[in-house]
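S.K.: The structure's right below; bear with me while I get my questions together.
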């Protein structure tokens with residue numbers, strides 16, 4: 001087992017990474033203060049891991065809360081089901097909420113924990129690659145709104161993150177690829193040597209090689225923790241973690257939540273951010289194509305939806321969380337391994353980016 005630390009003073013917490021950690025009662029006992037535990041999971045994950053985690057927590061009074069699966073359920077109605085269960089079982093302020101699942105479960109369980117009786121403890125047990133390397137770390141919680149993704153929520157840190165890498169054995173290949181979009185992101189924004197390592201090891205990761213997976217998760221979490229330590233509430237450098245997300249969130253919102261997986265939309269959005277960085281002269285086309293090839297090798301889409309027009313992107317991007325005083329800001333690359341958040345770009349460059357022929361741009365690169 002490997003352990004990293006998110007250093008936030010009194011709200012610091014460990015990230016444990018290893019195989020079969022769901023069975024390690026000691027990792028949970030030190031972070032649970034009361035006798036009541038609510039395990040929030042979904043219909044897909046529950047048959048796989050709920051009984052095991054319940055057994056691990058057998059010394060507590062456990063309430064299972066099983067939600068419908070999918071991004072389309074990340075809303076007020078589903079959040080209310082968590083509150084209904086907590087109140088129905090008379091959970092008090094010493095309750096610990098445990099999120100067992102992917103990013104949707106983690107975001108909603110965390111938001112419920114932040115809100116229930118004005119805040120109870122919670123622990124993240126992420127079971128998808130995307131949630132293990134990104135959404136479980138850093139305290140972002142929330143739900144979607146029809147007008148925008150993740151627009152309602154709170155910053156609320158977990159007491160611990162327990163990453164059981166063995167859960168990836170049951171993850172569909174499409175979901176694994178979606179998680180790789182966030183892994184590749186770290187190499188692009190802050191760790192070019194990691195990008196080089198990924199180019200050499202992407203096939204091992206996709207074949208679930210234990211050592212390669214653990215290394216990728218550890219390096220991703222270390223990068224995320226470093227950024228969160230410096231900027232917990234996304235007032236500065238943390239926003240660089242959103243490379244590709246402004247374009248990607250527009251895709252998710254326009255196409256309908258869940259039609260494109262989050263990582264798939266981020267991948268296509270990353271290609272758009274790379275193209276815009278290239279248009280600005282910050283990175284060369286060779287660097288742009290290098291990143292696109294890696295995304296392709298990860299099994300990810302690199303072309304935005306054909307049915308989306310530039311105006312569709314602009315309308316959705318106008319409600320992005322990085323918009324300040326009506327000004328759109330984007331995460332772009334100054335160079336490989338260095339990202340910047342900026343609103344200082346010509347409108348024409350953005351329009352050229354939105355209208356580019358990404359099919360023609362990427363088809364010659366191959367997978």
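Just so it is clear, glycine is given a Cβ too, placed from its N, Cα and C backbone atoms.
Take a look at what Swiss-Prot says about it:
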BINDING   69-74, 103-107, 127-128, 140, 149, 167-170  NAD(+) binding site
BINDING   182, 245, 262  Zn(2+) binding site
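Let's see these features in context: how buried, what's close, how far.
M.R.: Taking Cβ-Cβ distances under 8 Å and a sequence separation of 6 or more, the neighbours of residue 170 (NAD(+) binding site) in its chain are 48, 127.
Listed in sequence order, 266, 269, 331 are the same-chain residues at least 6 apart in sequence whose CB falls under 8 Å from the CB of residue 245 (Zn(2+) binding site). Under the DSSP three-state reduction, residue 245 (Zn(2+) binding site) is assigned to helix.
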S.K.: So which other residues, same chain and not among 182, 245, 262, have a Cβ within 8 Å of the centroid of the Cβ atoms at the Zn(2+) site?
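M.R.: Result: 130, 134, 181, 185, 244, 248, 263, 265, 266.
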S.K.: Please name which of the binding-site residues listed here, 103, 106, 167, is nearest in space to residue 262 (Zn(2+) binding site), Cα against Cα.
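M.R.: Ranked by Cα distance from residue 262 (Zn(2+) binding site), first place goes to 103.
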S.K.: Counting Cβ atoms within 10 Å of each candidate's own Cβ, which of the binding-site residues 128, 167 comes out highest?
M.R.: 128
S.K.: Would you mind checking how many other C-beta atoms are within 10 angstroms of the C-beta on residue 262 (Zn(2+) binding site)?
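M.R.: Taking every protein chain into account, the count is 28.
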